[in-house]
Amino acid sequence: MTVATAFKDAPATAPQSGARLLVSTLERLGVEVVFGYPGGAIMPVYDALTGSSLKHILVRHEQGAAFAADAWARATGKVGVCMATSGPGATNLITGIANAMMDSVPMVCITGNVSTAVMGTDAFQEIDILGVTLPIVKHSWIVRNPADVPAVIEEAFHVARSGRPGPVLVDLPKDVQVGMTADPYGFSIPNTTAELDWAAIAEAEALIRQAARPLLYVGGGVKIAGATEALRDLAGRTGIPVVSTLNALGSVRTDAHGYLGMLGMHGTRAANEAVQESDLLIVLGARFDDRATGKLNEFAPFARVVHFDVDPAEVGKLRATHVPVIGDLKAGIEALNPGPLAIQPWAERCTRNAATNAYRYDAPGEGVYAPALLNELSLQAGDSFVAACDVGQHQMWVAQHCAFTRPEAHLTSGGLGAMGYGLPAGMGAKLARPDAHVVTVSGDGSFMMNIQELATLRRYGIALKIVLLDNSSLGLVRQWQELFFEQNYSEVDLSDNPDFVVVAQAFGIEAFRVDARDQVSDGIARLLDARGPCLMHVLIDPKENVWPLVPPGKNNAEMMHGDSRFEGDM
Amino acid sequence: MNDTIHIQIDRADGSLQRLIGLVERRGFHIDGMSLSDEGQTRRVQIKVRGRDAGRCMENLGRQIDKLVGATRVSRPVAAFTGDYRTEVAA
């Protein structure tokens, strides 16, 4: 419930419009960048933006605004802001809002709407965007009075970032934007500091001491809670091996001793086998997603479960929990101290398995081997590397083969799996971290879904680097058709793609092509050294698959290793 | 089997739709419902039934607890005990 208080010490002010109040509230909240696109029903807000300290980035499609705001939030840990007009502007945000919801990203989406008097009459560009987005927002508001604007916006930011973060939507009818008020009021943030559940921590410690084969199963919640250092300290103190979800990659350095890799469908053999053998899963901010667990009732069959999460609804949702520790992950992990553990044989077996099954980059042939290219890309870029992935085979190769030293270095559409995320996400991340090597890794399918944002890169001189891995097909769908649909290749051929180098150049973006293995190192260097935005178009083998793979509906021990080039070795 | 959940919700845009949508989206039939006016808030009583055996009433309750401006004022029959260990399968 909104706890509203009048601005106590505010002097009597001249009447202001709702639109002006929106802009001044965003400024007061410290918002730096707003991604958006104007239109009829939000014109008073765009009028009020003139002269504001807010930097507005004009995207070329509202989906780009939502994805860029999402990535800004992931890269900075702050709330991302996007803005669109009513009707089609608002509906174009939807995929981006859903993306933020699935991955718990704090985002405030502001939409204009038709005036309250005509809401519900099918007015021009009227859409019930609050109704349309109900399942994919953490909360939403229609502001019906200009005086409410500051309180609603402040509450929106509070809801977006508190507890388990998520996207919120504020719908501003046009009459509320132009309406004048001299009595704006603010929102008092409720005081909700929760006590640490020391009894649960003690029970968790007892289970850890009893376990012979404990395992840390780390999810995206660790990064969100700012608990990365606490996790690394815990892993170091206890020597418990670590597996990571897609969204948590980098929470533990990918080269750290005891790190076994990603678990799940395209996870490592070492991670999946450790999970299947473990007798205690210590789950930190993860949610037993089906891509991580495989066949759920055969997942970690010998393990008891200790589950740390800020969201009580995740505990016991899919897997029975023996000890839940609900609350702030950072405080919970810092408090966890089970003392010395006698798990050395287990830990050594796990790390040996990881070493035995390490990925190899010596595939025979002269063509570009995408996993090797991505590994080298991350190593050349170093600690300031940030990958913004699209969705498909390249996304899984990034997850498997790039070195990550921080969780904020890997931006990926994990829960939603939204093709088209990569380019606008890279744009948002590069604006947030101008000094970092931000690289969008995309595929020829995904790239076409938001290719219009090349114009935004050019307009603002955003020095995003793009690696476009082109196999002239929808590779991951093709791979599944090969493996699970009897090679019935249906609607996956994209061999009539445009010339991406020419397309990028037409947008005013530097671009070049790499089509042989011996060009890869120089190509990466040229890409990273480019002063402005730059695209490296890489031709890869259309028959290349992502290995290993747990087939859908199978348990994680049933991994397929289909790469005959490494047969007998992997 | 039916359970009845009592919820107090703010009189805000979309609040009823948000609640009903959540219940159905999380895999429950709504078999009965009543609504009463309490000024700034509304009291809603919903009779719910899982679509299949895999639907956990306790989890639905916790999902409802996360709604902004909604408060469960009585627990479903499969009462929330405050002890999550009761959920562990034997």
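Using N, Cα and C of the backbone, Cβ positions are placed for all residues, glycine too.
The domain 'Thiamine pyrophosphate enzyme N-terminal TPP-binding' annotation in TrEMBL covers A:17-130.
The annotation domain 'Thiamine pyrophosphate enzyme central' is assigned in TrEMBL to A:201-336. When DSSP labels each residue, the domain 'Thiamine pyrophosphate enzyme central' (A:201-336) comes out as 54 helix, 28 strand, 54 coil, counted as helix, strand and coil in that order.
According to TrEMBL, the domain 'Thiamine pyrophosphate enzyme TPP-binding' annotation covers A:390-538. Regional average pLDDT for the domain 'Thiamine pyrophosphate enzyme TPP-binding' (A:390-538) in the model is 98.
Assigned with DSSP, the residues of the domain 'Thiamine pyrophosphate enzyme N-terminal TPP-binding' (A:17-130) fall into helix, strand and coil as follows: 55 helix, 21 strand, 38 coil.
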